[in-house]
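Q: This is the structure I have questions about; it appears just below.
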Amino acid sequence: MTTNYIFVTGGVVSSLGKGIAAASLAAILEARGLNVTIMKLDPYINVDPGTMSPIQHGEVFVTEDGAETDLDLGHYERFIRTKMSRRNNFTTGRIYSDVLRKERRGDYLGATVQVIPHITNAIKERVLEGGEGHDVVLVEIGGTVGDIESLPFLEAIRQLAVDIGREHALFMHLTLVPYLAAAGEVKTKPTQHSVKELLSIGIQPDILICRSDRAVPANERAKIALFCNVPEKAVISMKDVDSIYKIPGLLKSQGLDDYICKRFSLNCPEANLSEWEQVIYEEANPAGEVTIGMVGKYIELPDAYKSVIEALKHGGLKNRVTVNIKLIDSQDVETRGVEILKDLDAILIPGGFGYRGVEGKIATARYARENNIPYLGICLGMQVALIEFARNVAGMDNANSTEFVPDCKYPVVALITEWRDEDGNVEVRSEKSDLGGTMRLGAQQCQLSDDSLVRQLYGAPTIVERHRHRYEVNNMLLKQIEAAGLRVAGRSGDDQLVEIIEVPNHPWFVACQFHPEFTSTPRDGHPLFAGFVKAANEHQKRQAK
């Protein structure tokens, strides 16, 4: 089987939506019956985004095999059925790390190690490896054409197109076509200069995606085609839309998938986008709305919680309600009190690290528990719920996590000291271990209690969810907390770790150590988020009586 590659680049400015465009195109090709995957090549020096600040980089998306990756991989999984893995995302740092390791081993037999050919060859090898077994692979190059950091990646894909043959390679370039109100027209010059920059490094784009706040007129697309040496039918207008799930239909309506299939000589049926049409219909025709408060520490950049926000919206789709998300800084709860949590239909505390704002999260969990407000805690959101219950119900004064107070009297949350590494070997860790790549990561099995709420929601006794954490419930103190009324609703496959807790005498109080947001999609939703939004809707109706 021959694999075809579409290399996706961006020009003029960053944040044009390369990831959404690539994912939308992949969704159309998948709807035509093709086996599609998407890769993201990031030009930063970090080995992976695992230790990067969420305020700088946004969320870290965790794959089933435990890779800490760019948030764009979350978009990919929400648009196509193919699951991402560590093969789908790599960085400059990862490439250099691998090349330097080989150099130290003597693999290069004393040769002078250079960007060309050693770095570019390493990039090409990873791209080809990631594409194995697929009909079409979309490869998104992070950054903007012209950035010095992107040059090795651009050179590598230029070479790769020659290696595999131009009949199996396409270059798709996203570019900004701004509208100037003073002139009353869109301007094509930035696009022309962006293509000129690409040409200077040996890449002639085959497709141009023109990003604008409005549809780019046919005459302007013809002008772009003429000056950029691209067929007119390959100049695609991608205007701003009120829902990202409309983009597959927008691209298909302009024949982008037909053009690509003809170029690759792929004989496949027309795309059936009925599932996406259903998503768009549900989104546009809600029967009501709810307001959910999300209490976190990185709220100045909503992308830090991208998958959680999307999963809440998916939960809304399954309940035919619009979910309004109120982002609340947990430090504001500390300084202004729980009064700022009034008038919420439900409360969610997402994952996070570090002590800043933790007491605000603990106060939030208490407020939700004592006032019968639906509560969903994720990762740290479960740990603060446990700490709150231990302090205020189980009589364990000043209970805490050893992450925040190492020598606390009641360490109800503590570091797991023994882990399985990628090869399955036992590895001992401590507070002094490296932060990067030293967490419990990826898909793990969880056994659900028969009498639990989550057992009803999932409809299965065993589930698999993705994790990203170092700290867990301390089993040494668990019996005392359970005796006070807390229910352990889910345990790890080996029965050693607490994965889900519930407060039984509460309308809806669920907290999990894993990250359910990573497996939620607009077409399928997720049982926890669907149940949570339903509980929010029911709470709103009770309050209205």
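One-based numbering along the chain as shown.
Using N, Cα and C of the backbone, Cβ positions are placed for all residues, glycine too.
From Swiss-Prot, here are the annotated features:
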type: ACT_SITE; residues: C379; note: active site, nucleophile
type: BINDING; residues: S14, D147, I148, E149, K187, T188, K189, P190, T191, Q192, K223; note: CTP binding site
type: BINDING; residues: S15, L16, G17, K18, G19, I20, D72, K239, D240, V241; note: ATP binding site
type: DOMAIN; residues: 291-542; note: domain 'Glutamine amidotransferase type-1'
Q: What residue among the binding-site residues S14, S15, T191 has the most other CB atoms lying within 10 A of its CB?
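A: Compared across S14, S15, T191, the most Cβ atoms within 10 Å surround T191.
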Q: Based on DSSP, name the secondary structure state of S15 (ATP binding site): helix, strand or coil.
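A: DSSP call for S15 (ATP binding site): coil, neither helix nor strand.
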Q: Let's check the environment of G19 (ATP binding site): how many other CB atoms sit within 10 Å of its CB?
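A: For G19 (ATP binding site), the count of other Cβ atoms within 10 Å is 24.
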Q: Three states by DSSP: which one describes D72 (ATP binding site)?
A: helix
Q: Rounded to the nearest Å, what's the C-alpha distance separating D240 (ATP binding site) and S14 (CTP binding site)? Just drop the number here, would you?
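A: Rounded to the nearest whole number, the Cα-Cα distance is 15 Å.
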Q: Taking DSSP three-state, what's K189 (CTP binding site) in: helix, strand or coil?
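A: Where K189 (CTP binding site) sits, the three-state DSSP reduction gives helix.
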Q: Given that the record lists S15, L16, G17, K18, G19, I20, D72, K239, D240, V241 as binding ATP, what is the largest C-alpha to C-alpha distance among them, in Å?
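A: The span, Cα to Cα at its widest, is 20 Å.
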Q: Sequence gap of 6 or more, C-beta under 8 Å: which same-chain residues meet both conditions with respect to G17 (ATP binding site)?
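A: Long-range Cβ contacts: L174, R211, M238.
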Q: Fewest neighbouring Cβ atoms within 10 Å: which of the binding-site residues K187, K189, K223?
A: K189
Q: Using all protein chains in view, find how many other C-beta atoms are within 10 Å of the C-beta of I148 (CTP binding site).
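A: If we count other Cβ atoms within 10 Å of I148 (CTP binding site), we arrive at 8.
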